[in-house]
Amino acid sequence: MGIKGLNSIIQQQVPSAIRPREMKQFFGRRVAIDASMSLYQFLIAVRQADGVQLASADGETTSHLMGMFYRTLRMVDHGLKPCYVFDGKPPVLKAHELDKRTERRKETEQKLAELTEQAEIMKHERRLVKVEQWHVAEAKKLLGLMGIPYVDAPGEAEAQCAELAKKGKVFAAASEDMDTLCYRTPYLLRHLTFSEARKEPIHEIDTELVLQGLGLSQEQLVDLGIMLGCDYCESIKGVGPVTALKLIKEHGSLENIVEFISSGGNAKWKVPENWPYKEARALFLQPDVLDAEGVSLKWEEPKEEELIAFMCKEKGFNEDRIKSGIQKLRKGLKGGVQGRLDSFFKVKPKTTEQLAASARKAQAAKKTNQKGKVLKRR
């Protein structure tokens, strides 16, 4: 689900933190991609002309394989070095969100049985799409044969992507979920795995610019995300995005906000009973991840014969197209070795204290500018 309204806040308050990019601008960059999110996109978007998912001769869905093969090939062809990160065990706090998703699926299934118009049927069928374990297993097999590295995260994939980016193993984390920013990735790439047909630019979000522009520390950004609504707990009823940002700036932390509301700050706002915001905060600030220093990412020569056997003989893809793709893959992986000049210099991420100081400085500058405007009017 991500975090409701965070992208809108950044667009309105700090538009300069979101840069539209073309894929070629990431030549030589290593990028950690949220695999589960990508597979979900492929299962939704990669379809035949009649809207039905691609399938092999025995009727098994192959949309996830086509999406994974060709979108990865496109990235490599542009000089990117993609690696995929798969979800591990979800945190206990996420159980309520997963239960809600299951309930929504049941409601959709019931409604689907009552529909008669084909367009409505197709729309609701897409809402039932779910990434199964066999989709994941086949995607891993495909990546292994392509020579593309992947990481099995112990917990949330976005958190592991952010960990790899923080430690300099990759340039950025790629996901559609805005909660990736709360795990402190230096950069978040959105729309990276979208199809070319959608003509959506890649959005590169600079986390440090977001913090400076909003005048928040990393901890306060996490508290804002929890207030807006995340996968780990409910939000405060009656508090929208604008109010949430205002409260964080005025009171500094969720502890102070809860105290303010509980003491009668606003009768319309209601803090959920036994609200586990502290536990949710800990999941963002101390997530369950593999230490990036111990993770090895290697891009290897594709295994052509095994790849053709799997994709063509077993799954029914066109052999000439797969062979052509393998040649592009081989060429792209060799070309990516050239790399970028700035990849030879490891950028040391700022400490929590440095980020907090930057946020205070930005906030002070903003207040000074506002005072200057008032004096000019006088």
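Placement of Cβ uses the backbone N, Cα and C atoms for every residue, glycine included.
These come from Swiss-Prot:
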type: BINDING; residues: Asp34, Asp87, Glu156, Glu158; note: Mg(2+) 1 binding site
type: BINDING; residues: Arg47, Arg71, Glu156, Gly229, Asp231; note: DNA binding site
type: BINDING; residues: Asp177, Asp179, Asp231; note: Mg(2+) 2 binding site
type: COMPBIAS; residues: 356-367; note: compositional bias 'Low complexity'
type: COMPBIAS; residues: 368-378; note: compositional bias 'Basic residues'
type: REGION; residues: 1-105; note: region 'N-domain'
type: REGION; residues: 120-251; note: region 'I-domain'
type: REGION; residues: 337-345; note: region 'Interaction with PCNA'
type: REGION; residues: 356-378; note: region 'Disordered'
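Of the listed binding-site residues Glu156, Glu158, Asp231, the Cβ environment within 10 Å is emptiest of other Cβ atoms at Asp231. Using Cα positions, the member of the binding-site residues Arg71, Asp177, Asp179, Gly229, Asp231 nearest to Asp34 (Mg(2+) 1 binding site) is identified as Asp177.
For the region 'I-domain' (120-251), residue counts in helix, strand and coil come to 71 helix, 16 strand, 45 coil, using DSSP. Mean pLDDT for the region 'N-domain' (1-105) in this predicted model: 85. Look at the binding-site residues Asp34, Asp87, Asp177, Asp179 and count other Cβ atoms within 10 Å of each Cβ; Asp87 has the fewest.
When Cβ atoms from all protein chains are considered, those within 10 Å of Gly229 (DNA binding site) total 21, not counting its own. Cβ environment of Arg71 (DNA binding site): Ser38, Phe42, Thr193, Ser195 lie under 8 Å away, each six or more residues apart in the same chain.
Asp177 (Mg(2+) 2 binding site) has its Cα within 10 Å of the Cα of these binding-site residues: Glu158, taken from Asp87, Glu156, Glu158, Gly229.
Secondary structure at Arg71 (DNA binding site), taken from DSSP and collapsed to helix, strand or coil, is helix.
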